[in-house]
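Structure below; questions to follow.
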Amino acid sequence: MVVIGEKFPEVEVKTTHGVIKLPDYFAEQGKWFVLFSHPADFTPVCTTEFYAMQKRVDQFRELGVEPIGLSVDQVFSHIKWMEWIKENLGEEITFPVIADDRGELADKLGMIPSGATITARAVFIVDDKGIIRAIVYYPAEVGRDWDEILRLVKALKVSDEKGVALPHKWPNNELIGDKAIVPPASTVDEVKQREEAKAKGEIECYDWWFCYKKLE
């Protein structure tokens, strides 16, 4: 099983868009990817998730992020299910879906719960260097919230770019709104620097260990 901060395992996979190599396929394009597993094709909760993901796919792509699905179904099942979604729900699925019919990648990533033969609803966010940045699991009986996954991706990218941390429900936090948290001071000198920055109006603080600022 892999964990956050590790390199995504190099693997060749069969998808609805042909055979691709992960994570290189996206890394070579300078893109992040969101790999998400679903328990099975032609099931109600999974259908709502695919419909909702396609509705938001442009928002992911605007961030330089590509979605890619996965289940232990065969590729022809994926294709037929995607046809059904287009014909009955009016959404053409434009992202690839992995046919992991032997469950090898799902097993390697820890997507299959103990005693089960199908995947849970796992989400792996992988950056453009092939590093796993976040992992989220939902049980089969509860569908995911893609808006929260979008928020998570945005927060990771802002954190990388600005060197800050992001609070609960950012950018709609109850305490500091859309502001970002400055990394806590770890030395006496850094405490003084925080106090000086606060005096200059560069940051705001509840205390020296809890400072925040407006993102520019």
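Just so you know, glycine gets a Cβ as well, placed from its N, Cα and C.
Because the structure is a prediction, the values reported are computed rather than measured.
Found this in Swiss-Prot, in case it helps:
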ACT_SITE  CYS46  active site, cysteine sulfenic acid (-SOH) intermediate
BINDING   ARG121  substrate binding site
DISULFID  CYS205-CYS211  disulfide bond
DOMAIN    2-158  domain 'Thioredoxin'
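Distances, neighbours, how buried they are, the whole picture for these features please.
For CYS46 (active site, cysteine sulfenic acid (-SOH) intermediate), the Cβ neighbour count at a 10 Å cut-off comes to 20, with all displayed protein chains included.
Under a cutoff of 8 A between CB atoms, and with a sequence separation of 6+ in the same chain, the neighbours of ARG121 (substrate binding site) are PHE36, SER37, HIS38, PRO39, GLU49, TYR137, TYR138, PRO139, ALA140, VAL142, GLY143, ARG144.
Taking a C-beta cut-off of under 8 Å and a sequence gap of six or more, CYS205 (disulfide bond) has these contacts in its own chain: ARG194, LYS198, CYS211, TYR212.
When averaged over the domain 'Thioredoxin' (2-158), pLDDT in the model lands at 98.
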If you draw a 10 Å sphere on the Cβ of CYS211 (disulfide bond), how many other Cβ atoms land inside?
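Other Cβ atoms within 10 Å of CYS211 (disulfide bond): 22.
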